[in-house]
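Taken verbatim from TrEMBL:
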- 128-162: repeat 'PPR' (REPEAT)
- 260-290: repeat 'PPR' (REPEAT)
- 291-325: repeat 'PPR' (REPEAT)
- 392-422: repeat 'PPR' (REPEAT)
- 423-457: repeat 'PPR' (REPEAT)
- 526-560: repeat 'PPR' (REPEAT)
């Protein structure tokens, strides 16, 4: 085989020079410091052939030189020169030398010529564990995971390198569960992992949501003696934080002999994601070399906690260090300004976005529109839409949602009709707008138009659809919608489940409501489905069953909220359970930290009123921390009529007239109270006053629920 001439490249000159000079010190190969070395390759080959009988004596030195040269060719990616060395190996008959062979395979792998490496690997009859590991590493490095798996399965001798390489390849490609299985096999066969193994294994558990394995892995790391490796302990720290075990994470963090900025950031992120932003701030202050991740994490923590002022202060300090925000940080600031409706700060960050060119990004533009809409600045939202890029459907959706939010449903529909293209969010926003504006017929009409257009609804769409059906009380339509959700595999999240339960309850189908609830009760993580069934049962007079389900709720790891207590207090009203209602009302603040509002007080007034305990009802109203409205005074007045209490009824009527002077029904009730008590003159005076003020009774009507 003829050797191709070597290009005039300094690294190649030194590489081949090292081989020839170390192997044959007396050869005619002369190195030169000039940029154009003079190489007599044929002379060298002739020397090699002439001295072939002496190769046994020179072999150790020659072998070392070739291995070193291949290593250098790999480091400098000198493919041509490496191929020349390959030719030399073949010419010299050294392809059976396992050390040179492995160096040759390594050279091709590191230069990305995996197919060349595979040809050599497949053609060799003499291979060792190192050969397999080199080839395995090559497959993994360049993403040939199927080939890597096949080779791994064929290996009769697997060591730590083999397992670690395979685990690393699986983790990098997102096959976390498979990587964990390989690790378990590794431990089963008694192969000890190293720090690289554990970093990748912990990473696999991280992406799999490794709950309840953090302490097991921690124990393994301690037993193996790898806890002092900062990358291992940092990944373990991340796993603790992900599992919500912040106490264990804090202990590990404090015991770490070495911490890098990633370790600090992981601990900081753990606290902020858990809402413990003040503890996160303590960690942040201790970081010596804060990077952009450190600043971004603490700022995001404050923003997630809606502590905008604190976030702005940290942001100002970050700017002082010379760091600048990225698009994600500006997006988070604008989103928080939208949530807390902070007009001034939002405009400032809008200016920052314009200055840095972020406003050209579609998601930033949409967020700016959302911000102005949330602050009631619909004109500015429209202006942003007009000056922005109209090719982004997200901007159209943002403005439609803004119109809906500000009860400008006609403008929303006009914009919706102008859209060049619509996605599921466009349809959902418009359907939700009609549902919220008490136009359920139009919401359902648009929904069927959406289906006819071939757009598949999401769970958000169906939430509005089911709510609209609940408003109409059409059970047949409700069952069709429920069936559509099931047949089209639309995710039945807690909110949609609650909407279905509420819909069936409002359509007077309590059994269907219970059936839906029983199907999802074990999977529910939010209180909303529980609230729906508790309130639905209470509404239909099933007070005891409603309270039984409330008792089941308390045994779950779900905290009741204000709506829950409206439901159970209403249930107590319908069941006449005054003492139980009193206990529940007192437990709201004491046990569950739920502050009573007007509706809760209204339920208690109704509860006392139905039981004839009008004096207690009046005292409760007087003790309220807020002003009683017409509903509460009206409830007390109605109870006074039921129980014939003229004294308290007069007081209730006076207060009701003070709150709402033109409220006719209250005058009628008071007149009836006087009539029931035989005070006909007082009743006549009330009726006469009503006529003089132009007050009339509302006309009653009836309806049929399908």
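From the backbone N, Cα and C atoms, a Cβ is placed for every residue, glycine too.
Whatever TrEMBL says is automated annotation, not expert-curated.
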Three-state composition of the repeat 'PPR' (260-290), taking helix and strand from DSSP: 23 helix, 0 strand, 8 coil
Taken over the repeat 'PPR' (128-162), the model's mean pLDDT: 89
Distant-in-sequence neighbours of the repeat 'PPR' (128-162), which means Cβ under 8 A and at least six residues beyond its ends: 98, 101-102, 105-106, 108-109, 112, 114, 117-118, 121, 168-170, 172-173, 175, 186, 189, 191-194, 197
Secondary structure content of the repeat 'PPR' (423-457), with strand meaning DSSP E or B: 26 helix, 0 strand, 9 coil
